[in-house]
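Over in Swiss-Prot, the protein carries these features:
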type	residues	note
DOMAIN	4-203	domain 'DPCK'
BINDING	ALA12, THR13, GLY14, LYS15, SER16, THR17	ATP binding site
Amino acid sequence: MSKVIGITGGIATGKSTVSELLTAYGFKIVDADIASREAVKKGSKGLEQVKEIFGEEAIDENGEMNRQYVGEIVFNHPDLREALNEIVHPIVREIMEQEKNNYLEHGYHVIMDIPLLYENELQDTVDEVWVVYTSESIQIDRLMERNNLSLEDAKARVYSQISIDKKSRMADHVIDNLGDKLELKQNLQKLLEEEGYIQSESE
């Protein structure tokens with residue numbers, strides 16, 4: 001029977017890498033970040049609603065959403081973040097639901113890659129939750145390098161979410177990503193073997 005698994009974690013814990021690895025095992029990925037971009041793509045109703053709230057500056061010269069401009073505003077103004085979420089979230093849910101149902105109809109196991117799964121209380125929409133774990137210090141280091149952020153800004157992003165330790169305690173399974181990509185792959189393979197998704201290579 002097909003399963004729906006929610007993959008989550010904290011910012012820069014390695015969720016996307018885990019999703020990428022899972023595709024090699026035949027899982028189908030429904031990515032909340034991709035759906036979010038689809039929800040406000042050029043010419044969409046969602047983008048038009050964003051412009052109504054955030055003004056012309058919210059649209060760049062290519063007719064796309066100016067993510068940096070909108071991101072800076074909502075990071076510092078919770079009321080506007082809530083307004084943006086009210087526009088985007090229903091559209092994202094509809095896109096993801098359609099993708100998920102399409103994969104389930106064809107008998108695939110589905111991974112719902114949702115960074116804010118616990119923050120948005122979506123754990124009941126999946127059969128299991130797998131959390132990708134790394135330490136907060138590694139999260140901060142990765143963010144500083146990947147996004148070219150200051151230490152202060154990186155910490156602010158990490159601490160704006162439910163802590164990775166708390167998410168790990170709530171999860172059905174935790175995937176350790178404290179090491180390199182090879183170790184992550186080995187940890188993921190072990191979980192898939194234990195849960196019966198793949199056969200052990202020793203069998």
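Glycine is no exception: its Cβ is also placed from the backbone N, Cα and C atoms.
Locations of recorded Swiss-Prot features on the structure.
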residue: ALA12; record: ATP binding site; contacts (Cβ under 8 Å, 6+ apart): THR134, ILE138, GLN139, ILE140, ARG142, LEU143, ARG146, VAL158
residue: THR13; record: ATP binding site; contacts (Cβ under 8 Å, 6+ apart): VAL132, TYR133, THR134, GLN139, ILE164, ASN177
residue: GLY14; record: ATP binding site; contacts (Cβ under 8 Å, 6+ apart): VAL132, THR134, ASN177, LEU184
residue: LYS15; record: ATP binding site; contacts (Cβ under 8 Å, 6+ apart): ILE7, THR8, GLY9, ASP113, PRO115, VAL132
residue: SER16; record: ATP binding site; contacts (Cβ under 8 Å, 6+ apart): ASP31, ASP113
residue: THR17; record: ATP binding site; contacts (Cβ under 8 Å, 6+ apart): ASN177, LYS181, LEU184
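ALA12 (ATP binding site) falls within neither a helix nor a strand when secondary structure is assigned with DSSP, and so counts as coil.
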